[in-house]
Amino acid sequence: MDQTILSKQNNYPGSYIKQDLKEAEEEHKAHKELQDKKYGLYFLLFQGLVYLIAIISFGFGNPDQLGKPYDTNQNVCGVHVGLESYKYIYFTNPTDSKHLERTVCVKECPILNVDNESDESLELECYPNQVINSCRNRPSIDDPTYTMLYYDSVPFIDICLPKKISYFNNIQEGLEQSGIISFLSDISNGKIMIFATLTLCLLLNQLFYFLMIKLQQTAIWVISITSIFGLFLSGLLGLFYYLKQSQYAHLANGTKLTGEQAIGIIQVEESNITIILISSIFFLLFGAYFLIDLILNRKTYKTIGIKIQIVNYFFDFSSSGIQQQEDQPSRFREILILLMGSAGFLLIFCGFWVWMATNLFSIGKAEQGYYAFNTFQLSWTTFIMGSIHIFELIIVTLAIIGSEQILLIGKVIEVYKRMGIQRQKIDSHDSELSLMDIFEIYAFNNFGSVVFGEALIFLLMIPRLFIRIYVWIRQKRDANFEIPSKLTQILCINERAYLLAYLRNDEFLMSAKSQYVFDQKLKETTKVQYHGEQLSVTYCFAVANLCVSLTYILIITTSTTIGIHQPVYFLLISFIFSYFISVMFSTVYGATIDNLTILLYRDTTADGKVVGTCVKNIVRLMKEPELNEQTHQQQQNNGQQD
């Protein structure tokens, strides 16, 4: 750890809050130049590059042909002029895999109630091409090159899948398609499922947010039980879906496939269902762990419940009307606007990203020598621009989440300062800053730190996990084990650094190191715990797993009506985005609990006996590692007398 960081006295718990608030006000007004500001500039320049790519993709892309099959003449089924109603690709001779290039666009997939493939009176309603000049059933011609078979089939997205399993197996190679195109095609086909999942996600988040205000201490039990239920439900649905899909890999060769079986085989072939098995076991184990933890650590959850109530008191959320003190704007309304605005902005961005991606990945040209779904070949420039576009999705999502968190930190600091003014501990006549005022400060001072910080946190997320496991094992074996400095450089990277970055207007890395020293010293002198992170994880798992469960149900019940090639990736996207949206909502309580705890320990008397000298006794309870009903009630009564 940098010695200049270690030498700073105010990296330790103590009476620094007045100095913090004074310096923060001066630094924000001065707009101090920081190295981190360059990352904000890099971000904006990168956005310029992304939107240049957007202009190119909208100019040269054709999303209507994305994932569509090509016939033998390189006509796009369902897209080219005259073929609008001929959307299905039909393999004319599936008796072997040698003639998969012989395809034709048809209006409807043929259905045979009785096997009669030798009937030459049968004829498909197709769009003839140079190779297939007639769609009449011609099974008796000696040369198989010119055979045109009329067989029983089932429609799946844009394909007529043969029900005869030997035919079905023969055309497998002809169904191969680029993974990214297949994924974007799934997004387009599954719009209804995405909308249903996101609607449930937003409703659950708003419900939990209001429950934490209305139910206060009881809310943590509702969220925890819901999280456990969601983990078990998604795990069991995953196991059911895995067993259902795995049976399609062992069908007898003489079997005539049903529509559900044919589609199931396609989905098993195109996505690794072992991932579903592993994730289901993971969810079940996590559910068991959460259940055991809830039973054994009831006091911890009770403490979190009281801390939720303290946050409600801190922000002045009343249990009835969520009303603010007279002559001041409602903090509830401000924070709800922040939450809905951040989530809405993320959803709008993701919608625009998918729209742009469908245009971008339709830039290419048809090539000879490929089968129906691989005829369209992406250019190398498309792959380069596509990589940039995927990076854009990650970096903007992280920037939105980080921005919301630091705006909330600004509000927490403003409320803390207001409490200090009311208790005449801080000399200030300034009114409480609104979120728009805080946004102005953030945009000028901290945006670069958030972009850089979120990128670092994301990149080091997995290494930090393994390092923490390694340190835990070493400390169990040797109580005097000292963490190497190189490992501390990684361990210090977390969201709690944003508080000092905002207060001091320092660079992210310096703030992260300072906060790490603060945390270590705090552990040496107190038993304080950061319960906010635990609350956020429990909250996010509750919402995300219920959303995944809904996605499972929709995929299982609509398998023959909504065409999805890769259900594994569809489920993964459902979990990730519902989890990230939940992170935004849980931040109000999770991040506030942890940041308020830090502020309290930066506001202690010289002897360390009084923590949080600027705030009322109720808020000081946030410092306690364990709380009980009697202590809380006593402190609440004292707080009302302050």
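Placement of Cβ uses the backbone N, Cα and C atoms for every residue, glycine included.
TrEMBL does not curate its annotations; it predicts them automatically.
Listed in TrEMBL:
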- 39-60: transmembrane segment (TRANSMEM)
- 192-212: transmembrane segment (TRANSMEM)
- 219-243: transmembrane segment (TRANSMEM)
- 273-292: transmembrane segment (TRANSMEM)
- 335-358: transmembrane segment (TRANSMEM)
- 378-401: transmembrane segment (TRANSMEM)
- 441-462: transmembrane segment (TRANSMEM)
- 536-556: transmembrane segment (TRANSMEM)
- 568-591: transmembrane segment (TRANSMEM)
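Of the two recorded stretches, the transmembrane segment (335-358) lies close to the transmembrane segment (378-401), with three or more CB pairs under 8 Å once pairs fewer than 6 apart in sequence are set aside. Listed by sequence, the residues of this chain that lie at least six past the ends of the transmembrane segment (378-401) yet keep a Cβ under 8 A from its Cβ atoms are 43, 46-47, 49-50, 53, 56-57, 178, 180-181, 342, 345-346, 349-350, 353, 356-357, 360-361, 363-365, 450-451, 454-455, 457-458, 580, 583-584. For the transmembrane segment (441-462), the list of distant contacts is 27-28, 31-32, 34, 36-43, 394-395, 398-399, 401-403, 406-407, 410, 433, 490, 493-495, 497-498, 501-502, 505, 507-508, 511-512: same-chain residues at least six beyond its ends, Cβ to Cβ under 8 Å. The transmembrane segment (273-292) makes contact with the transmembrane segment (568-591): 3 or more of their CB pairs lie within 8 A, with pairs spaced 6 or more apart in sequence. Residues of the same chain lying 6 or more positions beyond the ends of the transmembrane segment (219-243) and with a Cβ under 8 Å from any Cβ of it are 208, 211-212, 273, 276-277, 279-284, 286-287, 290-291, 294, 301-302, 304-305, 308, 535, 538-539, 541-546, 548-549, 552-553, 555-556, 567.
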